[in-house]
Structures are given as C-alpha cells and as structure tokens.
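Participant: Pulled the feature table from Swiss-Prot, pasting it below:
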| type | residues | note |
| --- | --- | --- |
| COILED | 614-645 | coiled coil |
| COMPBIAS | 1-11 | compositional bias 'Basic and acidic residues' |
| COMPBIAS | 15-25 | compositional bias 'Acidic residues' |
| DOMAIN | 57-141 | domain 'RRM' |
| REGION | 1-36 | region 'Disordered' |
| REPEAT | 292-331 | repeat 'WD 2' |
| REPEAT | 334-369 | repeat 'WD 3' |
| REPEAT | 442-484 | repeat 'WD 4' |
| REPEAT | 530-575 | repeat 'WD 5' |
Amino acid sequence: MAKKKSEEHSGADANDSDYTEEPNFDDPPNFVDNISDEDLLGDMLAQRPSEADGVESVVVVDNMPKVEPSRLEKLKSVINKLFSQCGEIVNVVYPVDEEGKTKGYAFMEYKTASQAEDAVKKLNNHRLDKNYTFAVNLFTDFQKYENIPEKWEPPTVQPFKVQSDLYNFINDPDAYDQYCVAAETAPNCVQVGFWQNTLPEPNELETRERFTDTFVKWSPLGTYVVTFHKPGVAIWGGSSFQKIQKFPHPGTQFVEFSPCENYLVTYGPTPTGQKIIIWDIRTGTEKRSFVGDGMSVLSMFRWSHDDKFVARMGENSIHIYETPSFYLLDLKSIKIPGIRGFSWSPTDNVIAYWVEEQNQIPARVTLMEIPKKRETRNKNLFHVADCKLHWQKSGDYLCVKVDRYSKLKKDKKELDVKFLGMFYNFEIFHMREKEIPVDSVEIRELILAFAWEPIGNKFSIIHGEPNSSNVSFYEVNKGVKPSLVKRLEKKSCTHLFWSPRGQFIVMANLTMGTFEFVDTTNDYIISASPDHFRASEVEWDPTGRYVVTGVSSWKVKEDTGFNMYTFQGRIIRRTILKNFVQFLWRPRPPTLLSEEKQKEIKKNLKKYYPVFEQKDRLRLTRASKELLEKRSQLRETFMEYRNKRIAEWKDQKSRRVMLRGHVDTDNLETDEVDEEVVEFLVKEEITLLE
C-alpha cells in the first residue's frame with residue numbers, strides 16, 4: 001500500500017509506521033460494472049453536443065389563403081407582421097404552382113429553435129379570419145409522425161384516482177359557514193388557518209404553514225382558494241384542501257375568477273408592462289394571453305354572468321371575446337369613439353358603457369345586448385366630468401353616478417382642465433320595466449360613498465363634508481321617482497356595507513375604527529355602535545348573520561386581529577393575532593331551490609321554529625357538558641401536577657434544613673419573626689404660599 005510521508009521529514013523521522021494510509025479506490029480483479037453511463041451521468045450526457053439537421057428552427061404554416069401573384073406582397077406583409085412577434089425571421093418560402101398562385105402553405109425559418117417553438121405555441125389554431133385558421137407545426141414533427149408504428153398498441157390503463165369532493169363544505173347539516181384567517185409568520189411566508197363557525201366556539205378544520213407568499217383569495221362560489229408563489233399561483237379545494245391545479249406565471253400579483261369558476265385570469269409584471277393570461281381551471285391550459293402597457297391593468301377584463309363572454313376596453317372600442325375559443329365576437333371589435341368605462345349586468349348579457357363629451361356632442365350612457373350588439377337604451381348627459389356605473393346585485397337596477405360641473409376652465413394649451421361648481425346626479429335605470437325608464441336624483445353636496453341594497457330596492461349614499469357627513473337612504477319603486485326615506489345626520493362614516501341578504505347595513509369609519517349597525521326596516525334604528533380601533537376591513541358572512549372587523553398588519557403592526565359581531569352589532573368574540581393579515585368568509589354557491597319553494601319555506605317558517613329551538617337547546621347542553629368536562633380535566637391535570645410538586649418539596653426537606661443552618665423554617669410561627677421598620681427621606685418639595 002502507498003505510504004503518505006511528509007516532505008520535511010522524509011528519511012529523518014523514525015516513526016514511518018505512524019503515517020496514515022490512503023483509501024484504495026481500485027476495482028478488484030475481474031470486476032464487472034453493472035451501472036450504465038446513462039444511469040451514472042445522465043444529467044451530464046443530456047448536455048453533450050449532438051448532431052442537428054438544421055431544420056429545428058423551421059415551422060410549416062398550413063391553411064393559408066391561396067392568392068394570385070398580384071396579391072402575394074399583401075399576404076406576405078400580413079404574415080410577417082403576425083409571425084415576427086415571436087422572433088426574428090431569417091427566411092420565408094411560399095410554394096407556388098405553375099400559374100404562380102400560392103399553394104396555401106409556407107415554410108418559415110426563425111433565428112433560433114426556441115423562437116420557432118414559441119411560434120407554434122402562440123399561433124397554432126390562430127384564426128386569420130372566418131375562412132382561415134392556421135395550423136402551425138415544427139418541420140421536425142414530420143419525421144416524428146412518419147415513424148409512427150403501423151401496428152397500434154392500446155395505451156396502458158391508468159389507475160383511477162378518486163378526486164376529493166369539492167362541494168363538501170355545503171353539506172354540513174347545520175349549515176355552518178367557513179372562513180380562513182391568514183397571518184404572516186416570516187417575510188413572504190403566510191400561515192393560513194381554515195375554520196368552521198360553529199357554536200359556541202369555532203372548529204379548526206385545517207392549518208397550513210407557508211401556505212402562500214402574500215395572501216389568499218376565494219373563488220366566487222367558494223369551490224377553490226388560490227395561493228400566490230414566485231413561480232405562479234395554485235388553487236386548492238376539497239375536504240382537506242388538496243392542490244387541484246397550478247398555473248405557472250412568475251410574479252403574479254393579482255388574480256380574478258370568472259363568475260362560474262371556469263376560467264382564471266392572472267396578472268404579472270413584465271419589463272414593458274403587465275402580462276395577462278387567461279387559464280382553463282379544469283385542464284390548467286393557457287387559453288389566451290395579453291400584454292398591457294405600463295399603466296395599471298388590474299381587473300381590465302370583465303366577465304359576463306354566465307362565462308360566455310369576456311370583455312376589455314381598448315382605445316375607442318370594446319373587445320368582446322367568446323368562450324371557449326376566445327376569438328373576438330364576430331371577429332371584430334365594437335367601435336365606440338370616446339368610451340371611458342363599461343360594466344356587465346350581474347344577471348344578463350347586457351353591457352352598460354358611457355362616452356365622454358366630444359365637440360359639442362353630449363356625453364352618453366348606453367345599454368347594449370350581447371351578442372346581438374343591439375342598443376336598448378341611451379341617455380344623453382350634459383356638462384359631465386366623470387361617471388361611475390353601479391349595478392344592483394339582482395340586476396334590477398343600474399345607477400350611473402354622474403359628476404357634473406357648472407363651469408369648465410382650461411389653460412392655453414388645454415392640457416390642464418379644471419371643473420368648477422361641481423354637483424352630482426344619480427341616473428337610475430329600471431332594467432325590468434318596459435323601454436327601461438330612467439329616473440334622476442340630484443345632490444348638491446360632495447358624494448363620499450354609494451351602495452345598493454343587494455336584495456331589495458334601496459340604495460344609500462354618504463354626502464357632505466368628510467368630518468360631518470350625512471347618510472341618506474332612497475327607495476326605488478315602479479312608476480314613481482326615487483324617494484328619500486331616511487337621512488341620518490352628522491355621521492363620521494366613510495364606507496357602507498350592506499348585508500348580503502339586505503335590510504341591515506354597517507356604516508363604518510375605517511379611519512377611526514367606529515361602526516354603526518342599522519336596521520332599515522325598523523325606522524332605521526341604530527342597534528349598536530361598537531368600536532374597533534384601527535380596523536381596516538369589514539366582512540359580512542354569506543348568510544348575513546355575522547360581521548367581522550379586522551386590523552391588518554398591512555396597516556399597523558400592533559394590536560392586530562379581528563372581532564366578530566352578530567348582524568345587530570352584538571360582540572361574539574375578540575381574537576388578538578400577531579401579524580394578522582386577512583380574514584375571508586368562504587362564499588356559498590346560489591341556492592338550488594326555486595323562488596316558489598323559497599317563498600313556501602318563508603311562509604311556513606313558524607313550523608320549523610320548535611325544531612330549531614330544540615337543536616339550540618341540545619347544542620347549548622352539549623356545549624355546557626363539554627365545557628364542564630374540559631374544566632374537570634384541567635382541574636385533574638392541575639391537581640396531579642400540584643401533588644407531584646408537593647411530594648418533591650417534602651423529599652427535599654432534609655436538604656433545606658441543612659442549607660438553613662439546621663433550622664426548620666417550614667414550621668416557623670409568626671410570633672418568632674421580628675419586624676423592623678426603616679424610614680428614609682425620598683423627596684423634599686418646597687411650596688411657596690402667597
């Protein structure tokens with residue numbers, strides 16, 4: 001065996017036998033290595049240079065128009081403009097027949113193979129017009145398809161995987177709602193807990209550490225919860241919140257579900273602006289992508305109530321896409337010069353949009369049916385500075401808040417415009433009535449907030465000065481002008497939160513953390529006025545029975561947590577949670593009962609009262625029994641700990657006596673103790689009396 005010797009002591013040290021022996025890595029004689037190079041060095045061999053055919057960067061475009069030589073240049077211009085978006089085009093060949101007419105396909109060579117793959121991904125099945133849809137393939141795919149074996153072999157049967165029930169949360173016999181609570185445990189590390197709002201104490205369903213990097217969001221029907229991560233986003237669901245699907249979109253900042261949960265829109269930054277991707281939730285495939293400019297494009301896509309259409313606003317136009325193809329409706333945009341905003345009806349395929357004033361032409365609010373593109377109502381408006389569109393949740397009414405001016409002042413270059421003498425109009429469209437009549441309400445004070453009653457015919461506004469504002473409630477009825485039914489004066493509120501079931505409303509000041517609970521059917525009496533200092537959010541549960549106010553660590557760093565109240569403002573519980581971030585009720589899907597069945601249940605509700613009261617008594621009895629058992633168990637645990645410590649204390653008595661000078665201090669009487677009082681000067685003050 002080889003010996004390791006120091007150069008400094010070679011031949012001079014007699015202790016050669018103390019040198020350490022090197023391990024021998026030689027193979028024994030006749031050794032056969034059973035490990036192949038691919039198994040041992042697979043990752044390195046995958047990177048070794050290989051021969052190339054030189055056609056990896058070539059794509060074949062089929063289903064192109066067959067044109068005469070006179071129209072070929074125009075076709076080339078259109079094709080080059082479209083395909084150059086995927087990379088630099090080196091060469092293009094358009095095969096022609098004997099007469100010089102193109103054959104309907106072309107060969108296109110990109111600078112790199114990755115650009116060719118990107119062209120196939122983005123432009124395959126691209127619809128040029130109603131007659132031509134491109135079929136784009138890599139040139140190398142032809143060789144792959146030529147080598148398909150003639151004998152067909154059936155695919156291997158994959159084992160069936162039972163998917164978790166995504167709707168188990170609505171099967172609870174007592175109809176308890178669920179909610180999630182998020183708290184930041186470390187930078188870019190958020191813990192999320194899922195709870196069931198049982199009585200008397202909530203039941204913890206699941207808690208996930210490092211569940212998301214920033215925050216979470218429920219889907220509109222409560223089926224999924226989405227989490228945010230550096231590579232993209234993921235959706236979770238089922239009884240134990242398993243991962244359902246993931247969507248790779250690095251740096252996603254915001255997501256939006258379609259109303260029926262068929263599609264997901266992700267918004268993420270790019271060097272030039274925002275990239276928006278529309279995904280199919282069930283398959284996880286990308287349906288279409290867009291690149292916005294540097295401006296904020298959050299929620300730039302608006303969905304119809306049935307997921308059949310999605311729309312976005314362009315320059316002097318609205319682009320409406322059909323699903324699932326995501327082609328433009330009728331293959332063209334709707335040209336609307338001067339359009340400034342639009343919104344879908346929450347229950348019908350109707351778009352409302354407004355157009356600004358132009359060249360002495362008044363501003364206009366228009367209702368348009370989709371897909372017919374038929375205008376059903378127009379309303380001209382004069383001296384308009386801005387408009388806001390507010391749909392009632394039931395789709396019965398549309399309110400257009402119009403900011404109007406008495407005088408317009410422009411500078412010399414007309415770059416800076418000032419509006420003087422501002423006042424406000426509310427234009428109410430009665431969507432369910434014949435010819436859609438419009439009523440108008442004028443307010444001469446500053447409007448701070450507006451909110452429709454979700455189920456009903458009332459709306460509320462905050463108007464006046466911010467520090468001493470008024471809250472007015474209006475009622476809308478058929479055939480008459482909207483009437484003022486109640487005005488609450490000198491209220492320092494900033495936001496209005498209606499119950500999802502209507503009738504009750506919370507008037508909130510999210511600056512001071514004050515809240516007022518109002519019953520709009522009982523002479524607008526304020527039932528409670530609780531405080532939650534620094535509260536920044538208000539969340540009604542889907543049934544309208546509970547309200548939660550929260551103090552998020554995004555706003556402040558101390559005293560974070562949430563309070564839960566009844567719909568009348570009675571406090572149920574207070575929860576202090578360090579680094580609390582977010583509280584979200586889980587939405588519920590719409591009921592499957594018909595309106596007639598719901599009316600029947602409401603009519604016979606008194607029959608069910610005894611059953612509900614009995615359940616409440618049993619629940620309270622069970623809760624009291626569980627509480628007593630818990631207290632008894634805690635007492636037994638404490639007594640066991642106490643007896644253990646007393647026995648340990650008795651065993652140490654001899655040691656205590658020895659350490660205390662052989663004096664048993666355990667049994668000292670009070671008369672054997674000397675008490676000494678010491679007084680000393682603490683402070684001296686001199687007060688002059690006049």
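Any Cβ shown, glycine's included, is placed from N, Cα and C.
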Participant: If you run through the domain 'RRM' (57-141) with DSSP, how many residues end up as helix, strand and coil?
Facilitator: 31 helix, 23 strand, 31 coil
Participant: Please give the average pLDDT for the repeat 'WD 3' (334-369) in this predicted model.
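Facilitator: PLDDT averaged over the stretch: 94.
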Participant: Per DSSP, what is the helix/strand/coil residue tally across the repeat 'WD 3' (334-369)?
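Facilitator: With helix first, then strand, then coil, the repeat 'WD 3' (334-369) has 0 helix, 23 strand, 13 coil.
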